[in-house]
Amino acid sequence: MTALNRKIRVLVIDDSSLVRTILSQGLAQDPGIEVVNTAPDPFVARDRIVELQPDVLTLDVEMPRMDGVEFLRRLMPQYPLPVVMVSALTKKGQQITLNALEAGAVDFVTKPSTDVARGLGAMLMELRTKIKIASSANVAHWKERRAALFAGKILTAPKALAESTDKIIAIGASTGGTEAVRAVITRYPANTPGVVIVQHMPAGFTRMFADRLNELCAMQVKEAASGDRIMAGRVLIAPGERQLRVRRSGGIYEVDCRPGEKVSGHCPSVDVLMHSVAEEVGRNAVGIMLTGMGRDGAAGMLAMRRAGARNLAQDEKSSVVFGMPKEAFANGGAEMLVPLEEIAQTSLNMLA
């Protein structure tokens with residue numbers, strides 16, 4: 001094979017020999033993926049990474065001797081590699097998975113908890129897709145980028161903006177987005193206008209993600225529920241497997257969350273959110289497109305701009321995957337590409 005179409009070389013790390021076999025066989029079904037070896041724990045994995053130089057790792061969240069998160073914390077500063085976590089749907093598994101994303105993992109898949117035979121096929125299909133996305137992820141400057149992101153202080157909102165009640169910030173994100181979302185909203189002051197977010201993430205994880213951000217932010221952060229009011233000082237995150245829409249109710253904005261078909265391949269979908277913002281909020285909104293694969297949100301952001309909103313997208317250098325921001329900028333939905341560390345300030349300036 002040429003360099004352009006060579007196989008993605010994967011190292012599978014899991015303490016269970018059965019899981020290693022299942023993952024290896026499942027990944028081998030894709031002609032574009034080659035499992036170069038497996039490892040039962042991070043200590044063996046470390047040697048095989050140096051020896052084999054894989055393109056992507058799959059990493060079990062919970063392992064004896066050293067768990068996946070601790071391994072990531074040691075690996076990423078020295079040998080940054082795209083990592084896809086394999087997680088349990090338990091509360092502990094969700095917590096560790098969020099820690100892993102914080103430590104540098106690109107994405108995750110969840111092991112099936114019910115209907116294992118059927119769920120396993122779906123999980124392996126998702127894993128193959130996410131490995132392909134991860135193989136193009138920008139992790140080379142992970143250490144420097146991370147240090148810059150979380151050194152920023154809480155900003156000050158312009159006085160006129162702080163007194164406004166009808167402004168809204170709408171954010172869309174996917175692969176690499178959990179840390180990008182965190183980098184933006186932890187810099188917003190407590191009187192920032194209401195923020196609504198779609199981050200592609202399964203049910204169960206979104207609540208824990210919101211709870212974690214709530215501990216870090218000056219604004220209140222919660223998983224959205226139908227009827228929640230969008231107001232200054234509050235961030236609402238779309239629940240997994242629910243479509244999030246903004247609606248006007250009298251003189252206020254609130255959210256509508258309900259199960260629905262996938263739109264642009266996702267539920268929740270950034271397109272669904274941003275189309276509703278275009279219709280209900282118009283020029284009083286700012287749209288932000290963060291890192292992610294695909295084009296979900298590009299059409300919705302264009303609708304927002306045509307309705308008078310101001311929009312921006314994350315630039316390529318600071319994105320883990322420059323897919324969604326690229327598409328939103330290419331079709332004219334986003335006015336400009338902005339480094340992640342400048343997005344919070346730029347978005348506040350746009351609203352003022």
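Cβ coordinates are placed from backbone N, Cα and C, and glycine is handled just like the others.
Among the features that TrEMBL reports, domain 'Response regulatory' is placed at 9-126. Per TrEMBL, the feature 4-aspartylphosphate maps to Asp60. The feature domain 'CheB-type methylesterase' is assigned by TrEMBL to 162-352. The active site annotation in TrEMBL covers Ser174, His200, Asp296.
Distance from the CA of His200 (active site) to the CA of Asp296 (active site) is 10 Å. Cα to Cα, the residue listed as '4-aspartylphosphate' and Ser174 (active site) are separated by 21 Å. For His200 (active site), the same-chain residues that are 6 or more apart in sequence and have a Cβ closer than 8 Å to its Cβ are Ala173, Ser174, Thr175, Gly177, His266, Pro268, Gly292, Asp296.
Taking the recorded positions Asp60, Asp296 in turn, the residue surrounded by the fewest other Cβ atoms inside 10 Å of its Cβ turns out to be Asp60. Mean model confidence for the domain 'CheB-type methylesterase' (162-352) is a pLDDT of 96. Neighbour density for Ser174 (active site): within 10 A of its CB lie 28 other CB atoms from the protein chains shown. Note on the domain 'Response regulatory' (9-126): DSSP counts are 58 helix, 26 strand, 34 coil.
DSSP assigns Ser174 (active site) to coil, not to a helix or a strand.
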